[in-house]
Amino acid sequence: MINELAFIKMHGLGNDFIVLDGRKSEVALSQEQFHIMSDRCRGVGCNQLLTILPPKDKGFAYVEIHNSDGSLAEACGNGIRCVASLLMDEDNVNKIVLETMNGSLVCTRSSNECVTVCMGKPNFNWSDIPIAVETDTLKVTVLGAESYGPATMVNIGNPHAVFFVDDVEILDLLSIGPLIENNLIFPKRSNVEFVKVLSPNRLRVRFWERGAGMTQACGSGACATVVAGILRGVINGRSASVVQDGGILDITWGSDEQVYMTGPVAISFLGIIDFSIIKS
């Protein structure tokens, strides 16, 4: 069992991560150690824990993503930007390919502070999202959440239920978020976005992340929101800025059908956690 573990704490617009390097030595955390690391009151605290591993194919590295509840996540746009920034600095390059559960993601340095990630093509097939019953994914009624209107379902590496509402600020996400995330219509649960259209190219969004809860920002959620907005006809063109509690991401759904996300990354601090002196 690991007694001490070095880590880097990073964030993308307040969406925060613990980054571990498992390329040279195995990082095998027990369930108890994982919960200590992710606990904001007793440990370091994070929305997701990202482990950098040797590549499985032709990428620079493989990134394993765990939500704060311990579940594996297929995608995490803000987290991938953070890891990409670290590794590009390490290798002194401006472009890198990272492997994930959802495939390989091309990441590029777009400025000193910002990284762009090609998040892949969105999927709208009901069985791939997945949804429990065959339905039109553009407008899905979620039992218990009918008052928020139909959700547009998008899989951009992970499932998202996007609701367009008149006012996102008054919503009680702590109540409605878990209800939608764990709804029986979503066999693998779902991320949840509530969106107010500020202008044809600017959206205000609040997030409830599957396995992490309410977060300051969500990269894949911002991507899903813009794609849903284009499909619903509330966005002009193929690009929009997404205003989140933690800041702004710029999203483009390109003519090549790939979704591109651009935003800042930051290191909060570095540390070593000694599990022998911390009790769960």
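The backbone N, Cα and C atoms fix where each Cβ goes, glycine too.
Caution: TrEMBL annotation is automatic and unverified by curators.
It should be emphasised that the depicted structure is a prediction, and the values quoted were computed from it without experimental measurement.
Quick look at what TrEMBL lists:
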ACT_SITE  C76  active site, proton donor
ACT_SITE  C76  active site
ACT_SITE  C218  active site, proton acceptor
BINDING   N15, Q48, N67, G77, N78, N158, N191, E209, R210, G219, S220  substrate binding site
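In the three-state DSSP scheme, N78 (substrate binding site) falls into the helix class.
Of all the binding-site residues listed here (N67, S220), the one with the fewest other CB atoms within 10 A of its own CB is N67. Of all the active-site residues given, namely C76, C218, the one with the smallest number of surrounding CB atoms inside 10 A is C76. Around R210 (substrate binding site), taking its Cβ as the centre, 25 other Cβ atoms fall within 10 Å, counting all chains. S220 (substrate binding site) sits 6 Å from C76 (active site, proton donor), taking the CA atoms of both as reference points.
Contacts of N191 (substrate binding site) defined by a Cβ separation under 8 A and a same-chain sequence distance of 6+ are given as N158, P159, H160, A161, E181, F207, W208, E209, R210, C218, S220, G221, A224, in order along the sequence.
Comparing C76 (active site, proton donor) with N67 (substrate binding site), their Cα atoms are 10 Å apart once rounded. Under the DSSP three-state reduction, R210 (substrate binding site) is assigned to coil, being neither helix nor strand. Sequence-distant contacts (6 or more apart, same chain, Cβ under 8 Å) of N15 (substrate binding site) comprise N47, N78, G79, T215, Q216, A217, C218, G219, G246. DSSP gives N191 (substrate binding site) a strand state. Of all Cβ atoms in the shown protein chains, 33 besides its own fall within 10 Å of the Cβ of N78 (substrate binding site).
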